[in-house]
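Asker: Straight out of Swiss-Prot:
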BINDING   70-73, D143, I180, Q190, R193, 230-233, 281-282, D306, S309, 340-342, K355, 393-394, 422-423  NAD(+) binding site
Amino acid sequence: MFIESFKVESPNVKYTEGEIHSVYNYETTELVHESRNGTYQWIVKPKTVKYEFKTDTHVPKLGVMLVGWGGNNGSTLTGGVIANREGISWATKDKVQQANYFGSLTQASSIRVGSFNGEEIYAPFKSLLPMVNPDDVVFGGWDISNMNLADAMGRAKVLDIDLQKQLRPYMEHMVPLPGIYDPDFIAANQGSRANNVIKGTKKEQVQQIIKDMRDFKEQNKVDKVVVLWTANTERYSNVVVGLNDTAESLMASVERNEAEISPSTLYAIACVFENVPFINGSPQNTFVPGLIDLAIQRNSLIGGDDFKSGQTKMKSVLVDFLVGAGIKPTSIVSYNHLGNNDGMNLSAPQTFRSKEISKSNVVDDMVASNGILYEPGEHPDHIVVIKYVPYVGDSKRAMDEYTSEIFMGGKSTIVLHNTCEDSLLAAPIILDLVLLAELSTRIQLKAEGEGKFHSFHPVATILSYLTKAPLVPPGTPVVNALSKQRAMLENILRACVGLAPENNMILEYK
């Protein structure tokens with residue numbers, strides 16, 4: 001059975017006019033390696049820590065500024081939200097299609113809330129806590145191309161023509177602000193687009209981005225702004241002591257106009273100084289150590305890296321299944337080809353390397369979890385190939401071959417072929433990222449013994465379900481297994497309304 005909404009009644013939760021207060025007993029374990037009777041052994045000690053959560057239930061008017069607004073993702077998301085807001089339908093060769101938010105975790109997935117008369121009861125994910133309605137989001141942003149969003153939508157060739165015609169009047173007046181352009185960080189083939197750029201030194205560019213965000217907030221009368229990078233993949237920045245390894249060195253490098261400070265890092269700096277959440281949707285190392293240091297100092301939310309949309313999402317499910325089943329993946333070969341501007345930019349070796357790193361690290365934690373299958377330092381052969389084929393446009397092809405060792409020296413090979421509209425997968429993920437980033441800024445918590453409430457750590461691991469290479473605070477383990485990431489996100493939101501984690505034991509029927 002599916003219900004649209006619910007309210008929790010419990011001694012552990014209290015609803016007030018503007019807040020939800022909850023108490024949650026976090027059950028975990030502590031491990032110690034100690035000598036007992038002359039022999040060292042591992043001791044596992046269960047422990048319980050009481051947490052209090054406080055969630056602001058006032059849903060703000062939200063503005064979203066996209067870096068690369070005029071690209072395939074930006075124009076597709078903007079058009080999709082308008083179509084949903086206006087209730088637009090359009091003819092395809094198969095049927096009359098209604099606008100929807102399929103592919104969005106927050107808008108189109110469900111959570112189990114319990115059982116009733118022997119039947120499982122589910123509710124929308126978005127019913128857990130008050131969230132911004134995507135129909136109410138105000139979009140803006142920057143792009144190195146001055147093409148308006150209606151023409152950009154046509155250039156992208158993602159949405160059906162009948163839908164594009166209906167959206168054009170809403171999008172013709174939407175023109176991106178000038179963006180930061182540095183040809184050293186992206187493929188040379190992007191130069192022909194760059195007719196809408198911010199001039200000046202890196203310090204002046206940061207100041208302009210700050211001004212743009214303030215103007216956008218004032219002109220659109222929004223309460224909060226979230227910024228997300230959906231522009232070209234950049235090459236990796238060199239991390240150098242004295243250049244970008246600390247907040248102080250990073251800001252000094254901006255003052256000196258150092259060439260190695262990337263455009264994406266400049267946007268992130270501007271956002272941190274304005275306390276505006278910044279999310280990196282591409283694989284480059286935008287968050288150099290100095291930027292992470294700066295965000296922690298100023299307690300400003302950052303999240304990333306790289307949208308987890310198709311092939312990598314499948315990989316994080318399949319490898320988790322194989323290793324969890326005691327099967328040993330020994331070779332993973334992933335091949336992609338696509339024909340959109342993302343593929344064109346990735347045809348340059350230096351930008352492809354960023355994507356290769358992002359895609360290749362996704363199985364590391366799963367491999368490390370099983371010392372029966374893998375010796376220390378052992379890892380599957382893992383190859384990623386991306387090719388640019390203009391004809392296929394936004395319809396990305398992904399082919400994977402997984403070779404594994406099974407019982408008694410046997411071999412198993414799984415081959416997958418996935419064809420998908422790249423931007424139609426990415427757009428709802430962008431939506432989820434900005435909505436969850438905004439929501440997380442309204443949640444505060446404190447552990448037993450802490451004097452006052454505080455926000456989540458500014459490095460937003462809560463967003464990891466949606467990213468290929470989750471950004472985590474220094475010293476924090478990286479989790480890539482998809483089911484664990486979703487459970488983490490759902491269970492944190494459940495704790496905010498006093499609900500226990502979904503552990504799937506269902507003891508009442510055992």
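First residue shown is number 1, and so on along the chain.
Heads up, the Cβ atoms here are built off N, Cα and C, so glycines get one too.
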Asker: Among the binding-site residues N73, Q190, S309, point out the residue whose Cβ has the most other Cβ atoms within 10 Å, with all shown protein chains included in the count.
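Answerer: When each Cβ's neighbours within 10 Å are tallied, N73 leads.
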Asker: Which state, by DSSP, holds D342 (NAD(+) binding site): helix, strand or coil?
Answerer: helix
Asker: Within 10 Å of the Cβ of A231 (NAD(+) binding site), how many other Cβ atoms can you find? Include all protein chains, please.
Answerer: 31
Asker: Quick check on the binding-site residues D342, D394: which one has the highest count of other Cβ atoms within 10 Å of its Cβ?
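Answerer: Comparing the binding-site residues D342, D394, the most crowded Cβ belongs to D342.
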